[in-house]
Structure formats: structure tokens, C-alpha cells
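One structure is given here, and the rest of the page talks about it.
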Amino acid sequence: PRSVPSPGPMAAPAAGPPPVLRIVAECGRSRARAGELRLPHGTVPCPVFMPVGTRGTAKGLTAAQLAALGCRICLGNTFHLGTRPGPELVRRSGGLHGFMDWPHNLLTDSGGFQMVSLLELSEVSEEGVLFQPPHGGDPVLLSPERAMEIQNALGADIVMQLDDVVSSTTTGPRLEEAMLRSVRWLDRCVAAHARPQQQRLFAIVQGGTEPELRLRCLRAMTQRAVSGFAIGGLSGGEAKARFWRAVKLCTEHLPRDKPRYLMGVGYATDLVVCVALGCDMFDCVFPTRTARFGSALVPWGSLQLKNQKFAKDFRPIDADCGCPTCQRHSRAYLHALLRCNTAALHLLTLHNVAYQMKLMGSIRDSILRQRFPEFVREFMAAMYGGRGGPPAWAREALESVGITLG
Amino acid sequence: MATAGGARPPAPGDDGRRGAARVARVPRLLRVPVRRRGARMRLKLLGAGRLGSLAGLGRGGAGALALPGCLLYTRAGAAPHLTHDTLREVRGVPGVAHVALPALAEIHDVLEEYKEGAAKFMGMPDAVLYCSLHDPVTPCPSGYNTNKMVSLWGSSGRMEITASKFMDIQRAIQPDWFQCISDGDTISGEAGRKRAQKSVDRSLSFLDICLQLQEESPELQGSVMFGAIEGGDILEERLRSARETAKRPVGGFLLDGFQGSAMAKETKLKLIASVTAELPEDKPRIIHGVGKPDEVLECIERGVDIFESFFPFQVTERGCALVFSYDCHPAPEATVLPQNGIQDLEKNGAQEDQEEVSKADPEMTPFEISLKDKKYHDDFGPLLEGCSCYCCQRHTRAYVHHLLVTNELLAGVLLMMHNFQHYFGFFSAVRDALRDSKLDQLKELIFRQALQGPASTALRH
């Protein structure tokens, strides 16, 4: 067995940037925390869900609309922006903030996930990921250094290390190799990061759902001086029973005083459970993507508004939702509008983002008021009440941190 | 038959021509005789041409529309790409919204069950709503109308409706204004005299049926019916249609059958002038299918009051931004090029655009630039210098170019906001020019750009 590398001399700079996380309250039973992220473009309450604005736009929403919904941090994507329009152009536009006219915080991921998930021809080596750009041109190497260079140009408040990404169902030597390489690449990212005061670097813990690999990765990465830790390599096709155990293992071994960012998680139930397990930050394309397929998120599931059964349903999506869509429009109208006007997609995107913001706000509020376990029970009752109760994995996960469901 | 809705007899001193643009000596306040409770629409002309306003619109009678002006183009009640709050960021949105019948006909059963009218159903309970027979952007294939039925074209395909069915649907819609069902299938260029004659006969027949049905419909007592003037490109038929329609108690007139490009321009302009000369001055005239700024001016000069705003939508759909100038007196520092545009051809961005991109999109006009063009990749200026719209205040050509190239939905949102605001600003400038007797200067500016592209787009940042 190969041993994990120990941190190099540059891994613990003398005066790092100020800590990101300020914990304001903790749940007395579970591992849930409520707090604030202190970032260059303002304070962000957490736990927080970050909408994904892949190419410098929160899909059909204007920056003003997104801010009006209460969003204070969203994602941009290094891979997509790095190819088009390219980091140099974005830098000349005043960084991604200037390009999008977004006054609040941004997080960019490194591009590793897209490289592997989107491209047919990509080859990983110790150097980096070699890939064939989808729109023509010579093969390009995305190395840890290049990933940092691009992210430095984009200027997001939080930047992610380049990690060696494998599918969450991978097992065997490739999984271990990827984990160890991710640690080495973390060191290279720390060394290459040219703007540590303006941009906070997060590590990404790997190891799939193999506890032993996860643990080794955790032990190594927590020795590095980074501002926060992401839990990567999950939320793919792995079994939920393995998923939550891997998350819990990570939160057990990550430092209390640094934010834990669980990547790719966005279904409401998953958010609630993973907050209970101790995660602070989440991102997922699901709410915005599903909106563009005509699906509206509600506390009891989702409404497929293209379905004929909504043609004469004159109620709003959710009578308790205060978003602009629910204030003005009915399900019947949205059903009709979906046929002929993209405005329908934007109305649904608005609602789904509002839903996510409201959910996280309720979660946070309940932690502050020391009633998070009750909130979880109410949430589960609303979501699964008529359908035979919450899924077994969610029950087990919550039980493991002291929350029992009825 | 009562002629309460007909035209005034000529006053002493009038030269007998009515409707054509001419200078009047005193402003006149003319009222549409109120035959129905709730129809409080008043047209006020201020004297210069047909500068004026429509007031007393809508349910509460508080709606107004400045004339000459345009409607807000919507698709099923929402401005294309825009939610209510993004539309609110657009300045100068007109007081009357335009919705096409097909989208509403497809949900007739829904509206019947809803009972409270289409405006409320579409989330705009306080809007003044005009319902046209067809959508200006959807092509209407020729040959599908009969003496009893007209074909509509919606997202689910073709619907045949009779006058009776038409009124059923209008009863469920409860619009403030609506175009009476008519046969306008004369634009394909193959219609001869006989077909033109049929379009007039059928439309008058439909009109009489619908007027009768409106009398019997409590839901439509507050709605204003616009009579469609048809007749293809045959002058005789156009005059007959105008005179006969004007005899009916309609609240306004719609000049139909001028869409498309089959009709020769000279013919079109002559027919429009001839038609409006037959119409009473105290009722508004809408034209369908005319959107380009030069054509708008030509129609205004010939007695047309109201236009649609599908043109900025079409510009948006091809990834373009309106950049034509309508400022006859730009401030000295804003004049970026001398007015002798011909010498500056090689610097004129829009000119190059026409050559490069017109291959890609033959519909593109000289009034716009194509943001998909590679040269905007690193252009950090706004879409249009000096524009105060949401997009120009916050974003660059480079950003919009990026959004288009990456197929992002936000491109349509931002371009629609800009294109609408610019187009509404143009109409405001037309009204100002009429008021200040500067219409000729505005015409000169617009027509010059129609020939060679706008002078203001060459400045790069």
C-alpha cells in the first residue's frame, strides 16, 4: 500500500486569509450547524444551497432576479468558461463578477468533473487531464496549475482544487490511485494559487464509498492549509446506503471550524439529511434543470406542469410560496405558457430557486431556534406523509445522528 | 340601420379628405358614441397629423395609449422571454397588450371554466388586452378559409372556426379590443381580383354576424370590436371594404392583408392611404404585419395609428440588437461619426454585418447588429452606446455574444429587454417629432439608415 504524501513546505503559509466559517448555532442532537460564510463579496448565511450558473448565467434569470430571491453565492464552471469565452476575456471583463454583473459571491469548480463526465476523449495522467475540446482545436492539458490559473483569472470568491475524478461506483486500484493523486494535486494547487487573499481555496476529499480510502484522504488533506473542504466523488450512481455513510465519515474527520461543501447534492431530502450529518454548503443543477423540463418543486414532491391534469388547475404552484411566480400565476396558466413562451421556463426556474432558498432558510432558522429535529420530522411528514414514510436510508442516516422519525 | 358609429360629415373649410395626415388648425376632441355601457374609449387628436391619444381603456377606464403608438407583443399573455418583473425593467411599455387568438382558442375550454377572462388568467388583470385573429410571427398557409370558416394556426396545428365559434371564444376571453374574424388570405401573391372580392364579402358577412352576436353577449358589452379591412391588392375592393366596414358600428379599424412581401411597396402605400381616407377620423386604425421603422413612418404618414411590436421579437430571435438612431438632435459628444455615412462605410459596423451575416440570416435588416458575429467576442461596449436599458447599463456586447454562442437562455431575455425598449423609444420619438414639427428630419434619419445601416455602431471599446 502506498502511503499518502505529507504536506510540502508551502502547505502552511504563515498568514493565511481569515477563516471563512463562523458558527452561530449547533443542533443539540445531530451534527447540524448554522452559521455564516465570510467571503470577499459579502456574508452568506449557511447551510446554503448554491444555484449553478454554469456559463456565467443563472440560466434564464437575470442577476437582479437571482439576487432578489436571496441568493448570495452561486456557481460558475471553469471548464465551460475556460473553453468559451476563455479566462483572458473574462478577466478583461472584470472577472466573472463583472462579466455576469453579479455583486455577490461566486464559487468556481476546477473543471475536473466536466472533463471526465462530458468528454469522450480525456486521458488522465500525473500531469493533468488531457482532453479534446468539444468545439475543435488541439488537445489541451488541464493541469492543477492551469486550473488555478484559469480560476485566478475568473476571480471567484471560492476556488476548488483540481481533483482526479472517477465515477462514484468505481472500485479497485483506480479509486485509490485517484484519491492519492488528488492529494498530490491539492499540493500543486496550493502552490500555484496566486491570489490566496482574494480567493479561498477548498480541497476536495475523495475515496469513493470505501471507508478506508476516505479516511486516508481525510487525514492527508486536513493537514493542508485550505479554507474549506469539499466532499467529492459522491452523488453519482452509488447506493444511498453507502452515500450517507461516506458523508458522515467525512464530517466526522473534517475540522469543525471550516466549511464542509457537499458537491452535487440538491434534492430536498438529501439536503435535509446531509445538513443533519454536518454539511454546510451544497450545489446541484437539479432545481434549475428540472424547471426547464416543466417541473416545479413543492414541499410534497414536484408538479410536472406539462401534464394535462394541470390544464384547469387554477391554484398557484404552492399557495404558501411567496415567490413572484406563485404570487401571480396559476398552474393552468403555466401549463398553457409552457407550450409557446420561454418565459414559462424562467417562471419555473424562479420558483424552484425560491423553493431551495426557502428550504435552506427554514433549515437554518430551525437550527438557530434549537428545533432542527422537529423541523426534520415536519419536513419528512410533508414530503412522505401520504406515501409510506421516508426512504430507509434517510431514516438510518438521521438515526445515526440522533434524530428519530415517527 | 343606425349609423351612430359612422364618420362626421365634413365641416366647413375641410377639403373633404378624411383620414390622411394633414395639418389641422385647432385640436379637436372627438368622441366615439357610446352605444354600450362600458365602452368608454375616447380618441383625442392634438392636431399634428394624427398625434393624439386613446383614453378610457380597459375595465376601469383608466388605460391609455399614446398615438401613434404600438402594442406590447405577447405570446399567450407574456412578453416573449420576459417574466413580469423583467418586463417591469423595460421603459416605455405601451398601455395595450397584444395577444393572438390561436393560443387562446387552444385553451377555450380552460377559459370557459375559469370564467373571469383571459387577462386575469394570464396574470395581467389590469392590462388592456387586444386580441388579434392571427399571430404576426406564425405563417398562415394559404387556401384554408371558406365562406363559413377561417383557419387559425396554433401550436397544436390548424383549427377551423366559424363566426359563431369565434364569438364563443371571445366571450371566454373577454378582451378589451378584438379583431373581428375576417378572411385575410390574400397575401400569398397569387390572389387575383376574385379572391380579393371574396375576402371582402366574407369579412363583411362575418362582421355582421359578430356584431349581432355581440349585442346578445353580456360578457362582451365592454369590448371594442375592430373591423378588418381586406381586399388584397385591388384598389376597388379595398375601397369597398373600407366604406362598407365604416358603415358598421365598429370601434376601430384593422388594416389587414398587408403582411408579407408579395405586395409591391408602391401598391401597398397607395392602398393604405386610400383606405384610411375612407375611414372616420374619430376611430383608431391598427395595421398588422408592419414593423420596420421606415415602414412604420410611411404608414403613419398615411393615417395609421397603431402597430404591433413583433418586429423587436423577430430581431431578438435571430440574435440581433436594434441599434438604429432616432435621435434627430444628438448631443455633440454623442455624435460618433459625421452624418455623411457614405464615406465611412468601412468603419460602419452594421454595413459589414449586412455583408457577412446576411448570408446567414436573410431576414436581417439595416437597423440591427448580429451579436453572434465573431467580432463582438471582445467588444466591451454596450449593445448601443447611450441606451439606458437593463442590458446596456450592465452588460457588454462580449457577454451577449458569449450567451448566444453558448446557447444560453439569458441571451433572449437580455436582447428582448433591449429591443423592446429601443422600439418603444422609437415610437416616443415619432410622437415628439410630430409635436415639434420635425417629422421630416426623423424620416430623413431613418430612411438614410434603411439604406446604409446605422452610423453609430462603428465605435468599438
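Each Cβ is built from the backbone N, Cα and C atoms, and glycine gets one as well.
These numbers come from a predicted model, not from an experiment.
Feature annotation from TrEMBL assigns region 'Disordered' to B:1-22.
The domain 'tRNA-guanine(15) transglycosylase-like' feature in TrEMBL is assigned to B:49-449.
The Cβ neighbour count for B:CYS389 (Zn(2+) binding site), using a 10 Å radius and every protein chain shown, is 24. Taken from TrEMBL, the feature Zn(2+) binding site applies to B:CYS387, B:CYS389, B:CYS392, B:HIS418.
Cβ proximity to the Zn(2+) site centre (mean Cβ of B:CYS387, B:CYS389, B:CYS392, B:HIS418, cutoff 8 Å) flags the following additional same-chain residues: B:ALA321, B:PRO382, B:LEU383, B:LEU384, B:SER388, B:TYR390, B:CYS391, B:GLN393, B:MET417, B:GLN421, B:HIS422.
Under DSSP, B:CYS389 (Zn(2+) binding site) is assigned to coil, being neither helix nor strand in the three-state scheme. In three-state terms derived from DSSP, B:HIS418 (Zn(2+) binding site) belongs to a helical segment. Within 10 Å of the Cβ of B:CYS387 (Zn(2+) binding site) there are 18 other Cβ atoms, across all protein chains. Put plainly, the binding-site residues B:CYS392, B:HIS418 were compared by Cβ crowding within 10 Å, and the winner is B:HIS418.
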